[in-house]
Amino acid sequence: MLLSDRDLRAAIESGRVKLDPYDPELVQPSSIDVRLDRYFRVFENHKYPHIDPAVEQPGLTRLVEPEGDEPFILHPGEFVLASTYEMVTLPNDIASRLEGKSSLGRLGLLTHSTAGFIDPGFSGHVTLELSNVSTLPIKLYPGMRIGQLCMFQLSSPAENPYGSEVCGSRYQGQRGPTPSRSYLNFTRTKIREGDQ
């Protein structure tokens with residue numbers, strides 16, 4: 001069940017859902033807007049011949065912080081990591097989805113590539129996967145509204161929420177845009193010729 005504005009406010013005011021800092025003005029009819037933090041991770045394309053999710057690649061990204069109130073310029077075709085200004089904490093019976101803002105999508109800004117789902121039990125700043133699919137650079141201002149969180153009530157609390165030992169949660173408590181840690185639990189099924 002998708003939570004309405006009144007359900008979202010009740011969940012936040014009771015402390016079940018935490019957004020820090022929380023601004024009641026960000027509550028929409030069925031979502032909560034989130035703002036862009038000031039840190040970005042840019043890819044160092046010259047360090048590796050390719051990206052390999054099976055191995056650690058230190059130095060694949062570099063942390064960038066714009067000076068003062070200066071915007072970050074996202075060039076056409078560029079992909080960077082960023083994060084929400086808000087720290088988000090979900091209880092064991094609420095999951096969330098990050099969605100982009102319509103007005104920014106109409107400018108060619110994609111807020112996440114594929115990883116918009118946030119598990120129950122998660123706590124941390126949500127990493128954004130920003131892409132510019134327009135033909136012009138886009139200015140990204142720290143503190144601007146960058147996306148929205150839709151929250152869903154689970155049919156029952158998760159038996160093993162994010163952050164539990166069973167899950168091997170690699171991003172619990174993350175601060176700022178966190179690079180991929182896929183190598184920590186990379187698995188691969190051997191596909192043989194003639195299968196199927």
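Along the chain as shown, the residues are counted starting at 1.
Backbone N, Cα and C define each Cβ position, glycine as well.
Swiss-Prot lists Glu129 with the feature active site, proton donor/acceptor, giving sequence analysis as the kind of evidence. Annotation note: Glu129 (active site, proton donor/acceptor) sits in a strand segment as assigned by DSSP. A simple way to gauge crowding: the CB of Glu129 (active site, proton donor/acceptor) has 18 other CB atoms within 10 angstroms, across all the protein chains here.
The feature dCTP binding site is assigned by Swiss-Prot to Lys101, Ser102, Ser103, Leu104, Gly105, Arg106, Asp119, Thr127, Leu128, Glu129, Gln148, Tyr162, Gln174. A 10 Å cutoff on Cβ-Cβ distances gives Leu128 (dCTP binding site) a total of 26 other Cβ atoms nearby, all chains included.
Sequence-distant neighbours of Phe117 (site 'Important for bifunctional activity'): residues of the same chain at least 6 apart with a C-beta under 8 Å from its C-beta are Ala95, Ser96, Arg97, Leu98. The secondary structure of Phe117 (site 'Important for bifunctional activity'), as reduced to three states from DSSP, is extended strand. The site 'Important for bifunctional activity' feature in Swiss-Prot is assigned to Gly116, Phe117.
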Looking only at Ser103, Gln148, the binding-site residues on record, which one has the least crowded Cβ, with the fewest other Cβ atoms within 10 Å?
Ser103
